[in-house]
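The structure under discussion appears below in the form of structure tokens.
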């Protein structure tokens, strides 16, 4: 019954997605323009109005996809039940292009980019060819033919920017993320947001710059650029939106973002100004085409704000060498999350506005009441945290003060299908070990349950600069010893790149407790991390918010923008004699109605979410006591096969070849997390091995499935 429901929901999502894509493809055609104008004319005198029709056709498909998608994810089994089968879909997810400029691109990503570029070319060609056939002079401008054509060219570039904006916010949704339907996590989907944002600014700059150029050469720039028209395109609003977008794009460049993260973070909140002035510039009909992503993003932002309240407190911390800190946080016993999940954390005593993401290093299957994360203290914000913890360590107080924190998340994959392989090769560089700690604990805890299928062989490659960083493996030290009785096998190979040969062993470093300092904090909060609301609850909230929006959209339009003057004699008048007041109403009034309806709708939904959150917190038990903080693990007898190598980097060709011999005929999942150069090296090796498999088509030859984990720490 459950499988049937999943198939039906999947088919519905495919149909909705296909219909929305078809709408974008047909939109530039004369046939669609004719059909759509007739549909609007028929809808205008009805209760629903042309605005309701635009919302239903252009915006609601994205919202419906979210609602159905959340129900689908709710019904989807979280843990893998069968092994990952070799398929063409699996091959499409493996890297096809690997270089330092574009990074690692799979066949599936390249295919989607190619199709999107084809769509943009089609849209532009269809629009501009029709414009040139019906070239009409602009009444307010006296332009030559070439100027008029160039103005149409500039105008149509705005439509390409609009197409990019329609998708721009979807990759950065967190609680309401649609990318979980594709098995893509937030940190991995951010790069799609970067690509779309860059393309949007590129097209918008051509659109705005070329328009200003035409005004300049025709000596109309002073008259046109400051105009706030009563109807039609508002030029000044478009100029403000373009300047705002350029500021956000420039400050998000890697050279600025990495060195001045705070500057990037604060200027990126100019998106509110950008979206409002885009609405005034493009008008309500164009805005409905991009409103689906904006609708979900606005609701997602408010739900994240509610979820981060009230604040909790750090239970304890452990300070590792190389400026790394493990934080232990209280969590609700019912909160479950998948391995590789991340949380966003804000510490008000450091900054009241900044949020930073961290991978969870613990497993909810092992730790019922706590969750842990490891922070590498390199940046300004993390260095402040390091100094704060050190100040508590150096103080003589019997009871350490409470450190309040606000938490969003956890956000992670909907299922653990990415672990559905015969064997796993985990490659970590430095602090990139953090997501693998949760994976290994999850696999170990699932061995007693025959219902779920996890890898029987795992090899962990850990590349570090200093041998002291091995201490970060402390939480999995019990898994490295006494493996004779286990149903799965874990092998560790450590590569220390910046130290000479030493006789130290993995066991000696892990058991050197002098390298780790621990501190327990006082707690003034009775609240633990509760996590996200259920997917069914979020689906219902999205549906309710959309209903509220439509109700207020229709009501406000009928109040402020009546379609026709309702006179008693109008029923007897001919259609040509009817007085239409819509044409006399400024176009920005309809824009303000959309904005007002959206604010009212999400405000109502927010109040509902706050009420439900408050009722849930009332039933919550107090968080774990201080005595339940984690202790440093002491490693028992260790297997001789665990290696520690000094003064060199791993040879991935040799590692892959050895794994091929040991796991003949099995599917191998390759997960890598660390510096970009290391990811690219592993991806190239995996690419060559997979191509070799495809050429030989040998079922007894292992097949490598590459996954890159793009987490921030």
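Keep in mind that glycine also has a Cβ here, set from the backbone N, Cα and C atoms.
Among the ranges 132-152, 153-173, 321-341, the stretch that TrEMBL annotates as transmembrane segment is 153-173. Feature transmembrane segment, per TrEMBL, maps to range 7-26 of the set 7-26, 27-46.
Between the listed ranges 457-482, 483-508, 509-534, 535-560, TrEMBL ties the annotation transmembrane segment to 535-560. Contact between the transmembrane segment (286-303) and the transmembrane segment (55-75) holds: at least three of their C-beta pairs are under 8 Å, each pair 6 or more apart in sequence. By number of Cβ pairs under 8 Å, the transmembrane segment (234-251) is matched best by 263-280 from the list 55-75, 96-125, 194-214, 263-280, 535-560.
In terms of DSSP helix, strand and coil, the domain 'FAD-binding FR-type' (298-417) has 26 helix, 41 strand, 53 coil.
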